[in-house]
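Down below is the structure, laid out as structure tokens.
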Amino acid sequence: MTLLQVGSIRFTAFYLAAFSTAIAATGHDPVPWLALSVPLWMVKCLAIELTNRYADRIEDAVNRQERTLLCEQVGYDTIRRAAIGLNALVLAFYLAWFVEWRRPELFAVQLVSWLVMWNYSVGLRFKGRRLGVLVALCGTFILPFLCGWMIYGQFKDVPLPILSMLVFVFSLSGIKDITDVEGDAKRGYRSFFVDVASRRSAARLLLLLGSPYLFIAGLVAFGAAPPRFLALVAFAPVSLLFASLVRGAREPHERTTIREWTYHFWFVFLMGILLLVHPTVQNAAVLGGCVAFWVVATRRLHWAVGLRADQVEDVSRILSRVFVAS
């Protein structure tokens, strides 16, 4: 149980939702695939997160002391062995899949996905590079969709609106770094988002947070996306609200709350995109199952219990402070 908490197993919901929707969007039933896809994405989620836990043990001792305590309960040697074993298992599975399925384009996507997974925390260590971390995080959320799509589909037919998730993650991904400034500084790293947010120019931050909605509007205007995707613009006020939350958070627990609610916003936005990509009752049911898992795992299987009343109070306090000051 503790290993699942340390391994942030809740993120399986992101990957499974994208993978299943892609299969459905190519005209095939994703339900028979669940027997394979659920364990696959759970294992891959643990591989990503446990590798990150071990690689970040120095920074976490400063930034994430509560997570460090859980990691120490499991043992960092155990985490290291599990991370290596799970990464090897995923790669071996992809190789076996290629031997059986014989689709080079699918294997290429799977291989890129594995390389991003491994090199995010170790190897090339994308997370230690300003642009590298953004590319890796964006790829983490789009590659599961491509893995599902390439089982039956062609790369040229990938729906362009899914790219809006890349821009969305790019616009908000750096918020996760607002709690890690001190520990990251020990590594000589300062994230792009923290740099932008710390500057006095609010216009740059607002432009960054508004970029996914400008991108969506552009796709629709040029006929590259159906008009129904304009529904995503309804999320724009929430994105812009994060500008106030990030700049108004003062205490460490407030910054932790903002980071946590950013993940929930990512998840809700992704569910919105996926439902618009394939708006059917069956897909809505599969996504509903992913939502249920996300909520339960956040409450029961995450190293920091989320969706708490005190986090809502933190958000209210920050907003009150910001609006009074203005």
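Any Cβ shown, glycine's included, is placed from N, Cα and C.
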- Ranges in play 158-175, 302-319, with TrEMBL marking transmembrane segment at 158-175
- Task: For the transmembrane segment (261-278), could you work out the same-chain residues 6 or more beyond its ends whose Cβ comes under 8 Å from its Cβ atoms?
- Result: 13-14, 17-18, 21, 24-25, 141, 159, 161-162, 164-165, 168-169, 172, 175-176, 228-229, 231-232, 235, 238-239, 242, 245, 284, 287, 290-291, 294, 298, 306-307, 311, 315
